[in-house]
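J.: Input: one structure, supplied below.
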Amino acid sequence: MNGPHDLGGQMGFGPIAPEKDEPYFHAAWERRALGVTLTAGAMGAWSLDESRHARESLHPADYYSSSYYQIWIKALETLLKRHGFVSDRDLAAGKAVDPAATPKRVLKAENVPAVLAKGGPCDRPVSTPARFSAGGRVRTKNFHPTGHTRLPRYARGKRGIVEAVRDGFVFPDSNAHGKGENPQWVYTVVFEGAEIWGEGADPTLTVSIDAWESYLEPA
Amino acid sequence: MSHDHDHDNELDPFAARVRALETILTEKGLIDPAAIDVIVDTYETKIGPRNGARVVAKAWADAGFAAWLKRDATAAIESLSYAGRQGEHMQAVFNSEETHNLVVCTLCSCYPWSVLGLPPVWYKAPPYRSRAVIDPRGVLEEFGLALPGTTKIRVWDSTAELRYLVVPMRPGGTEGWSEERLADLVSRDAMIGTALAREPA
């Protein structure tokens, strides 16, 4: 979707303002927000793709006025309601009122180190050979799906070179909507700055994205 | 561990919102609050940019490791026991005299947690995410880094599940240094690409 999250090339957000010796957390609630998000995700009811889509589906005004942990929590409430774990009545009461769906698993403290060490690999076998090869010329599609996609707006309809053929990976555009992993080949595609930004582009700039095969056409 | 920060207070509506959510999920038996403590402790004290600095230092000191890191970063990094969440599929990109690498996630906040820990706020915020791909030199100048006009800049937008680690150039005057000492020259920002490795004092 052409949501508020798709930020590449947008203007007007001001200076970056890196913070010297920045702490990992700026308030105690951010620690809990991280932990609640990860432990709730560990129930196994939704994918990382679905949670990304929940975040980018916030109203743009809400997205831009929220810190990242606030975005996480707002999206988490959506996911918990969607999957039957939390109700509006629970949230209004600030305590458990309604019964919850049964999770696939509950992450216990003693299992956290092993779960974090294992991570969640997203590479999958793909039964078809890779359509493109390193060095090949491609053009990204120009599309504007209303659902989740990982092809940024600034890189749509642009000509680039395949720099590397990666592995097969879960396709987020379908997986985010519970329509299956449908793995595809992923390629690192590099674009000249001028192809993307046109007049006035930095002549020393190249930008790459990692693109699923169905984002690409031969050029 | 969770209530030791003076910026937080009970009147902050967002703190109350998060607390309510944790309470609801705990009462329903869906999460274990002790698991949250372990997660927070892991990312506050155990997994951070020191991991990545050791990877870079080893690549500087050991040409064989550097070649492995270039070819198969996931396996090379795993050999140092830094595998894990948000580091499942790693790529290492090496700075050179010709090319400087810069990593961003314009769509969200993708970041190599297993080697750099949790991302800083600026990495996740709109100013960096919007500008890194269109005006990287302007971005770098805000970090105090002015590259020669002839240096090529390669921006890696982390749009899939690959996570990128920048390997900065090794500073001169560090011949014969131990990996531990070399690692002290490698900042988090140098491994994102918004800084160079520190020069030896």
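Placement of Cβ uses the backbone N, Cα and C atoms for every residue, glycine included.
Annotation source TrEMBL lists domain 'Nitrile hydratase alpha/Thiocyanate hydrolase gamma' at B:14-195. For B:C105, B:C108, B:S109, B:C110, the entry in TrEMBL reads Fe(3+) binding site.
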J.: Can you name the binding-site residues among B:C105, B:C108, B:S109, B:C110 whose Cβ is less than 8 Å from some Cβ in chain A?
T.: B:C108, B:S109
J.: When you measure from the Cβ of B:C108 (Fe(3+) binding site), how many other Cβ atoms are you left with inside 10 Å?
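T.: A count of 21.
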J.: What's the number of neighbouring CB atoms sitting within 10 A of the CB on B:C105 (Fe(3+) binding site)?
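T.: Cβ-Cβ neighbours of B:C105 (Fe(3+) binding site) within 10 Å number 23.
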J.: Per-residue pLDDT averaged over the domain 'Nitrile hydratase alpha/Thiocyanate hydrolase gamma' (B:14-195) comes to what?
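T.: Overall, the domain 'Nitrile hydratase alpha/Thiocyanate hydrolase gamma' (B:14-195) comes to a mean pLDDT of 97.
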J.: Give the number of CB atoms, excluding that of B:C110 (Fe(3+) binding site) itself, located within 10 Å of its CB.
T.: 26
J.: Count the other Cβ atoms sitting within 10 Å of the Cβ of B:S109 (Fe(3+) binding site), across every protein chain shown.
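T.: 21, counting other Cβ atoms within 10 Å of B:S109 (Fe(3+) binding site).
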J.: Under DSSP, is B:C108 (Fe(3+) binding site) part of a helix or a strand, or is it coil?
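T.: Where B:C108 (Fe(3+) binding site) sits, the three-state DSSP reduction gives coil.
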